[in-house]
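To start, the structure under review is shown below, and the notes come after it.
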Amino acid sequence: NSSDLSPSSFILASIPGLEAAHFWMAILLCSVYILAVTGNCMVLFIVKTEPSLHAPMYFFLCMLAAIDLALSTSTVPRTLSFYWFNTREISFSACLVQMFLIHTLSAIESTVLLAMAVDRYVAICHPLRHAAILTNSATVKIGLVAMARGVLFFLPLPLLLLPLPFCSSRTLSHSFCLHQDVMNLACANTTPSVVYGLTAILLVMGLDAILICLSYILILKAVLRLALWKERLKVFSTCVAHICVVLAFYVPLIGLSVVHRFGKDLAPLVHIIMGNTYILVPAVLNPIIYGVSTRKMQRRILNFIHINND
């Protein structure tokens, strides 16, 4: 029988010809993961212990840090187990749970990035109303809405795959589970899953990207109304970190989507690199970007390092 209504497991992707290098690839991946965990934990610790950072901008940064920790932890340890111990199989249920976490956490991160763009818009275009609009309670509500939005939009993805029959080929394109990757292995009509998955991505990530661009168009108009170039640069410099974080999230996301849609004939190495880039690049870069560009964060990090060295 070439299909099974409930496959026991899927096979994680390997790179043909590079099996002997798995140990060293795992060392590299583990080093990047440790860097991501350390950086995001430091962000959470610094914001928690520094009262001057108890503001919406830094609370949103903490949300990003927590999301990146959860996203990388839901995938990297399993990948390391594959590389170090050659445990290539992942159970069907574990695969669906991992898929749900990856897509849901990505949706939550997209919503938080939109909230940060709105924060920058209000701070620059309506500075006198900023404290009244983006209060601490409003920030918490935004975080809860982001979670609910991610769960509600992406919970149907594994549920739509659950009843499908799967072919005898159970090898994935990545070292973790993504919706389109799993869906392509089904031996049935996947049109409802395709339509819903595309709709969910467009209504969450696509809509968020449009609204973020709109926020920056309005910000740019407000900045250009300032008389002096020094004032324009000073005001717009407060947005640089957020723009970099948005690019670090959306560029790998778009790249991975393009590889899935049009890169079926590409080498397996390309799929694996794009997948790991999508998972790890935002987690590594976000703490670095805000740590370098934010003076308050710089001072607190330097004080923390100085105290530990003493």
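Yeah, the Cβs are placed from backbone N, Cα and C, and that goes for glycine too.
Caution: TrEMBL annotation is automatic and unverified by curators.
Residues or ranges marked as domain 'G-protein coupled receptors family 1 profile' in TrEMBL: 39-290. According to TrEMBL, the transmembrane segment annotation covers 20-46, 58-76, 96-118, 139-162, 194-219, 240-263, 269-292.
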* **Non-local residues, at least 6 beyond the ends, that sit with Cβ under 8 Å of the transmembrane segment (269-292)** => 13, 15, 18, 29, 32-33, 35-36, 39-40, 42-43, 61, 64-65, 68-69, 71-72, 75-76, 79, 102, 109, 173-176, 178, 241, 244-245, 248-249, 252-253, 255-256, 259, 263, 298, 301
* To do: Please work out the mean pLDDT for the residues of the domain 'G-protein coupled receptors family 1 profile' (39-290).
  => 90
* Structure fact -> Outside the transmembrane segment (139-162), at least 6 residues beyond either end, the same-chain residues with a Cβ under 8 Å of its Cβ set are 56, 59-60, 63, 96-97, 99-100, 103-108, 111-112, 115, 179, 182-183, 186, 192-193, 196-197, 200, 203-204
